[in-house]
Structure formats: structure tokens, C-alpha cells
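S.K.: I am attaching a structure below and will ask some questions about it afterwards.
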Amino acid sequence: MAMTRATFLVCACLVAQVTAACDRATLQNVASAYIQAQAKGELAQLSLADNISYAENDSPMDISKGVLSQPITIDFNRSIYDTTQCATFTELTAATSQHPYVIATRILLDETGSKATKIESVVTDSGDWAFNATGHLYWTRQEKWETIPEGQRDTRAVIQAAADAYLNQWGDSKLSVPLGTPCARLEGGAYTGGSNPSANTCRMGAFPQPLKVDKRRYVIDEELGAVDVFNGFPWLDATKPNDSTPSTNFIRVERGLIRHIRDCVTILPAEKDWSTAKGVSSGPTNLAPDWKLASYAKGKGSLAVPEMGSCRYVLKPPELVVKPSVRRNVFRLPKLTSLTYLGQDVVSGGFRMVLMKYGERWRMERGVVHNSLNIKASRTYIPYQDLESKAMLLAFLDNPSQFFGHIRRYTNSISTQMIFGFRTLDIHDPKLEQLFQGFEKWSEIAGSQTAALLDVFPILRHLPDVFLPVKRYAKELHKKEYDLFVGHYLTAKKKMKEGKAKPCICADIVRAQDELKFSDGEAGYLSGSLLEAGSDTSASTLIGFIQALLVFPEVLKLAQEEIDRVCGDRIPSLDDLSDLPYVRGCMKESMRWMPTAILGVPHAATRDDRYLEYHIPKGAGVMLNVWAIQNDPSRHPNPRCFDPSRWMHDSQTSAEAANNADPSKRDHFIFGSGRRLCQGMHIADRNLYLAISRLLWAFEFKRPIDKSTGQEIIPNVEDLTEGLIVCPKPFAANIYPRSSLKAEIIRSEWSKMKGLLDDDLQWKSVPEAFEWQDYGPRGTSSAHVTVTLYDLTLPHSGYIQAKEYVITEEHHCDRAPPTAVEEDEGPELEADKPEKDTRRSSAKLLAIGGYNAVYLVQLREPIVLSQPTGTNNITRFILRLPCEDALLPYQVANDVAFKKYIALKLPHIPVPEVYYFQATDETETSFTVEEYIDCPTLSSKWMSLELSQKDKLAHTLAKIAVDLSEVRFDFIGGIEPSNYSPAPTVEGCKIFKGRHKFHWNNCYSIGPYKSTKDYVVSSYDREIYYYLHAQQDIDKDLFSVVSVEQFVEGLRNKRESLANANIVDEPFVLVHGDFHGRNILVRGDEIAAIIDWDFAGAYPLSESLSWGDIEVVESETEAQFEESSHWGFKIRQLIQQEAKKRNWDQTLIDLMMSDGNPELSNARVEMIPEEF
């Protein structure tokens, strides 16, 4: 039973003297009285001592307020009697009770043997380990625990020794346990002997680490050969080595051998009782635990932090949901929390993009998805959406009772056309049904309590599948969905290679696979994830909308009045949206009122940090509390009322609202936030608008009548499916056409649509104006960026001869390709320089990040690079081009400056040579051309390295970290590449026209600051400037409770207090700013180069490692995460050792190892746009 954190009782085995009163018949009467008391919920049935001690799950409590005060239906009971201790043990199974339980109770009598002086129970119910009262009842009834003949009975010592051996093996799997044959174990409702009752199935697998089972208390019955051991089960939290959870093990021993084991274990001793927590709102009671989490809140101005075992979940309340963090690296979130193992590793094979950890693979897949789903590409799908919405109208007309299926076919068919190039024709299509059924099962598994347990307590993953039936089912589900997703993808891929496929997203995936060489499984899951997202989420929202029409019929009336006024007898089109504000409000309110992902996708903080005034501990789960946000009465009065008029004056699309930095102006959060923002918002908006407007135009939606009562049946809006993604459960509706004329128009419109289809009802040809590039090998694409470099004067007076190259794909960043680096960007040509060479070469995309795209340029012929040391012929180099709002002029200059500085001052630290760079006032013209070093990143190679190689690299990295920290500067800030001088101080920040977005350019051009105080104060000055001037991108994290003016005034007060404070200066040292394995190139066990110095700068020594441990590998799997954590910690230790070797003062070592200057950390606030 999930209880509040237990205060454990440490009890000795209280052995009372055997008296004449403590005979077996007395104990049987005590057990019988206990069973009757529990059945009736009447304590009067029991004879209790005045000093009675009572505890449930090791928590002392008033006996009149415990489970004994509740009447329950007891289906089965079994008791044993310990005449030595004058004690009884009883196991109760209550499977058919209104509240199912399995309860294990130990009762000790006083010296007279007549009154209970101590009662302790382990009470388990829903949510506890493997709990299944029905299964427990079935299997426990099968077992025969008969009295053992007197001459065959084991002694008390033998019985206890057998039980201890079973519990001791958890600490040492090599220990021998006296298991008989047959032998079966029952954990909760999971039974090992079901498939082979004559075998020994009690053996436990080896645990990865020793487990100490403590606090053992025994009840032993020689006549039944039985023992029950109350104990503390260890949950293996390394930070809490003495913590455990209440458990009992009920064991039958015959001739010294164990025959039956029954384990009864409570779970999550640290879980809060959310159902009674202050601030919990009412809601569907069937959505545990996700619903409890979604409704859990402590009120305004605080983060809700419920605990589950060793894991804390930080639920962002409404007023704090905008930017991921005040620092760039805090919420990179490479480790997902509650869904990683079952939902991703087992069911999804590690391939599902929505659960993928932030890393190279996620960035690659996001680039592919963005290219296919950006606002320009999304317009090409309009013919699909138009046709399928009319097909849905016809289906509603012909068979309205199947409206659930019609809606799902509608969203699925649009998705299959976009992704694979074919239509889904029928609601009973086997692949359609498999998709929705599989997604529902995945959602249930991923959001289940067992999934949470396996993430909170990874040790449990090693248990046999018989104790984890959901894991066995998850493996079966993975095989089915793998076959579905990969089958769809391979079929589309084959048609593309043969030139027979319609244009679709798979064309982009196939091209990416050709270049990046990822597996068909990864490609299949990428396409399958898009299919799920496009099919299920929109369908659930539309089903929720129809439910709302039945619950709030006035909405239907108002919406139809507006449509009739604007459209009359013609079907609504996309052009009508601006004239239908109430219908647009129906779309927005549907997404607010019925959010499909009530908690978003949980992530985990990679290290300790702060968000505003909140401490976010490393490993804490971070959830976007969508339900709480969208049902917050301070944001949406009367939130459970479906009211489209809330949005009458809000014309934002979902994408515009999602990118609005002011959270009060976001209509909903179902598409997430930050860099995980859903890329398909534009398509989802059109899907919803066409379906909602046309269904409202065509049909009446009425409540059905209960024939037995004559009353209208109103759907229960709280009756939702369970899991990560929710949807209304099936409900009935009376749907019919509004007029015979509208029915005729529907049939006429579909007749026109059929003219575009072949005999198989697939598209005859690509719709007109379809802007999509068909599949073709790289280099033959018409979408490319031509960039010419010729005669660019280098700082050392060398130059690159003219060459032109082509990037053979549209730029993989969040904007159109750069165009400014064309033609004549260099100085005027001298007469004796060679003429422009227009022969083309090629470029390969190596990486795409949040700030720039990195291309490897391969030239057809070498170029001549003149240098003071001689002339080199170069055929390959790296070109870094900017993403929107990224690789800004200051960053380009800073990157170049520090590479040149390192090459000059610290030549033993390898960095790429910079051939040419440009950093102008406009973002689009910034780029660098630099040396190509043909070596892999440390992140990509780490897991395959030998231990000796890892150790050598760790020592090298530690030395480099100390080398950088020994470089001293007289200022805080960046440097310029010309003479490594301090960058100029910048007053304020620019506001660029165009996208009306706040740009970072000049905010990064910090320094020089002669003291830490100057830098801190200046940081506050920039913040104040930002809030007063960047009106279109204002960061209003707390502005639902305070005004901008009040917030700015608070900043000013803080600034003044710091200006007058005594902030002690530290040495200003060189800090890389992103010292990660992906920015370190290796050659075997040697460092080949350290790249990406964009965020380098001179900062106080305490900032050297304040960003966390050096991450040697991307944490995309649990093994990688553990590896990165282990070696990151070891490198920190090596850094300390290296500094001591160099005779550093201990004060300086402590500064370097610290978490950073707190005032500096609070002041350094980066404004990260939502789209990143």
C-alpha cells in the first residue's frame, strides 16, 4: 500500500515465556477474532491491552484510524500460530471487496496470553509491488498447507534457517538455499508455478549488487511447517543505504526444504499521498498515477515536487512554464525519467523519437522532421486534408454510429499519405486498427506504475519476466509495432528506389539514411512515430470535441449560427477561417479542454541547478504539467466548462502561440515547449479546422435517449483511457445531417474528389501545386545552396583560390538557407589573382545543432593556401553556417579568437586551424571556414574504447582543464580575433526588425569587466534593458502574478544591493563553456582537437566546472548515462590531483571544484527562444 514516508520501528524479536494460557487454541481464537474484526471494521471484536502498539507499513498510528476500522470483504485467509512467542500471523485476501487488499498481520499477546499488546500489518493495494488481489486469491487457493505429521515436523531452528537462507541470498546470490521440488513463489498476483507446477520455480536471478534485508521479525509454526518474516526490503537507493520498504515473506517448509514462498511488498515509501495533498483539484479518479501527478500542486509560486522512491518529479506550474532554464545547458535533458525503460527501451527498442534522449541521433531526426513539417512544407498537404475531410463527411452520412472510427481513419489517412504516400480507405483496415490499438497499449505501458517502478528502481529490471508480466507483454508489443512501422517504411523505400512512389516524408528519411547510414529499424520508427503523432493526437482531440458538443449543446448552436452566416450552403474552406472566430475558438478550446498528453513527456535534469529561486536537483524528473496549466482557474475561469468564446480575440495559430514567450498568451500546451516543441502543429491546426468546421456545417449532434428511462444520456467527461496519452472512452451520439440539401452537397463534393483517384481510390497523380521534392541520390537535387569562396584574404596575408561548391539539400536549420555568402564577399581581386573558377564541388552535412550546421566541403581540385610557413594544397575543409538566431557575429568572432589564442599560447592543446571567417552585423552573413580533422568525436567512440584508453583520455582531459584554468586574464569577457584584445563593452541589446524576435548578438559581446561585481551588475543592467525593450519576445515567467514593472523594479533593487555588496574577486581564467565529448575529437587514445569555442571566455575560477562534470559520451541510453556520470566524477578527481601536483593552493582548488559564484550564476541569464 502506497503510504507516506515511513518511520521505521526497530523491534527485537519479543519472546514471551510459554504459559498455559498461550496454547494453540488460544492463538486460533485470537486470529479468528482478528479476521471478524477486519471483516466488520469493528475493533470491539478484539481484546486489546491498554498499552496496545499498532502500526501499518511500519508507521505507528491510532488503531481506530487504520485499515482495521474499515469493513472489507475477505475472500480467503490463512493463519499460523507461534506458541513460543505467543504470536499469530494472518494473511487476508480481499479480491472482491470494494477496495481490494492483501493484508499480512502479526499479533503478539501479553504475558497473560489473553490480550493483544502489539499488532503490525503490511497492507498492500493497487500500486504496490505486482499487486493483483484476484491473481493472489486464485493461486493461494490452489496451495495445500496441511498439518505436517508430528514425526515429520522440522524444528523451529530449521524452519527459520530456511527462511533466512532465502532472504540472505539477496545479499549473496552464491549462497545455497534449501529449495524443494516442486517449489513456487507468489509475488502479489504473479505466480511462478503456473506453467509447470511440478518444477522448482523458486530460484531467484542474481542481483547486480548485494541487498541487505533487515528488521526481521518472525512468526513460526512447527505444525504447519510455516514461517512469516516481517522485514525491510532494500530499494537500492545508493544515497539512502539504510532505507527500505515494509515487506513480509510467508514460507512453507517441508523436511527442511522450501515448497511455497509468498512475498507481500509495499512500494514507494517516499510517495506523497497526493489524493489528500493541499491544492489537489478534483478530476477523473481512474487516471492514477498520471492523474494524481497532473492534479498535484502546492499553489501559486512554487514547484510541486512529489517523491517516488529515490526520484523526485518537478512539476512546472503555470506561472513557470516558458523557458527551459536560466542556463543553456541545464535542461539539455539527456536522460528521460519515468518512461525510459519500458516505454522506450523495451517497447520501442530505443527508437521512439518522442522519448529519445537529447543527443546526436535526436538532433539528426529532428532535422529530418523539420524539413518535412515546416510551415512551407505543411502547405503542400492541403489537398490531402481537403479530400480526407470530405471522405469523412460521407462516412458520417452513411454510418454515423461509427464516428470514432471515421475520425481515426481521417487523421490516419492524412498521415499515411504524408509519410508513406498511400491512403487508408476503411475504418476496419487491419493496419489502422493495429496502429491505434498498439498506441493505446504503448501509452498504458509507458504510463503504468510498473514503468515508473522500473525507472525509479532499475534493479527490478533484472527480475524474471514471470514477475513482470507487463515487461513480457511489452516485448511482444515491440515486435508487432516494429513489423508495422518497418514494414510500412520498407515498402515505401522500395517504391521510391523503383521510382513508383508518390512524394512523401519517407523520401527525406531515405535520403538521410543513404547519407548517415542509420538502420531500417531507426528509419521505420522515425516514420512510425510521425504516423502515431499525426493519427492519434488529432483524433483524440476531435473525439473530445464531439463529446463537448453533447455536454454543452449551446456551443453547437452558436457555432452553427456563425457558420451559416458566413458559408450558407457551401462547405467551409480554409479561406473562411478568419471570418469564423467562434469556430477557431472551438479548435483552441478543444485542445485546452481535452489535452491528450496530460503530463507531456517527463525528462530529467542532468545536474543540480537553479531555475529562478528553485533548486533543481540532478536526476529530478521534469514534467510539463499540461493538465494543471490548462485547468488553472486563474488562467481560465471555470476551466471545466467548454467555452470557445475565451478565444474570440485570439487569432494566433498553434505555432504562433507556442512560440509566444508570454505564457499567458498561449492557448494550450499540448504541443510541448522548448526544443521538443511538436513540429506538426501547422498540419494539426488544419486537420482540426477542416474537420470541426465541416462537421458543424453538415451535422446535428444530439444526446442519445436511454430507452429504459426516457432520459438523455450525457457522456461522462471523466471517463478517459489510462496512460501517457488519454482519450475519451467510447460514448454514444445521435448524429444526422442538418438538411437533405447538405447531404446532397456532401455526396456531390465526394464525387468530384473521386475523379482525382484511381480504381483503388489512391491518387492518380501528385496534386497540383504540390511542392515536394521526389527521392533522388544526393547531388541531383534541385534544392541546394550555392556558396562561392574565392581569393579570401587571410589574416596572415595568404589567400584561397576561387572555388565554388554546392550544398545539395535545403539548409537543415530553422530558417531558409543563407544567401549572403555568395559571389563577392571577399576584398576586391588583384589583377594577378586567378579568375573565378566556377567548377562545382560537393558538401556533406556532418552535424546539425542548436546553433549551426557543419558541412564537410569536398573540392574537385585542391586549392592553394599560402601561409608564412609555406603553401598547402587543401581539398577538404569545414564550413559552419548559422541557424536562425544562432552562430551570431560575436560567437563567430569569439570562436575564431580563442582557437587562434590557444594555437599561439597553448600549442600543446590541439584546435582546428581557421582559414577564414566572417562576422558582420547581420546574423545571416556569419560563417567560418576551418581545417577538417578526420577523426571521430569522443562521444561517438567512448563506449567502444578499452579501459586503458579511457583512463589515458581522462588524464589528458584533466590536464587540459587545469591548463585552461592556469591562463589568467585581467578582465571578464570575450576576446577579438585580431589581437586577442578584450571585446568592447556593449550598451544594451539590439531589437531586430523582421521576425520581431529578441536577438542575442550584443548580449554575448560582454566585457571587459575588471571585477566580478562589474560583470554581475552589468548582467542585471542587460536584463533590465531586455524587459523594458524586447516587447515582442518578453520573458514573462512570473507575469501571471506580477507585472513587468514590478519585476523590473525587483531587478533594480537587486542590482543596487549587489552594487553595494562586497563581492570577492577570484582569478579570471579561460573557460571553454561547452567542454563535452561531442566537442572533442580523438585519434585512438589521443586528443586530436578540441572544437567549438563559441562560448569560451574569461570567467572567475569558480565557473570553470560549475556547468557540471565533463560529459564524455551522449547519455542516450541508461548505460551511457551511468558511464558518463562515472567518468565525469573521475575526471573531476583527476583535476584535483593534477592541480595539487602543480602546487595549487587548496583555496584555488576548492574554488575550481565549487558549484560557481552564486551571484554570477543568478546574473547570467540567457534568453533561449522557445524553438530551440
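Counting starts with 1 at the first residue shown.
Even glycines carry a Cβ here, placed using N, Cα and C.
As listed in TrEMBL for this protein:
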- 1-20: signal peptide (SIGNAL)
- 152-262: domain 'DUF8021' (DOMAIN)
- C678: heme binding site (BINDING)
- 814-840: region 'Disordered' (REGION)
- 830-840: compositional bias 'Basic and acidic residues' (COMPBIAS)
- 871-1101: domain 'Aminoglycoside phosphotransferase' (DOMAIN)
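How buried are the listed features, and what sits near them?
M.R.: Regional average pLDDT for the domain 'DUF8021' (152-262) in the model is 85.
Secondary structure from DSSP puts C678 (heme binding site) in coil. Other Cβ atoms within 10 Å of the Cβ of C678 (heme binding site) number 21 in total over all chains.
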S.K.: What is the three-state DSSP composition of the domain 'DUF8021' (152-262), stated as helix, strand and coil residue counts?
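M.R.: Computed counts for the domain 'DUF8021' (152-262) are 14 helix, 46 strand, 51 coil.
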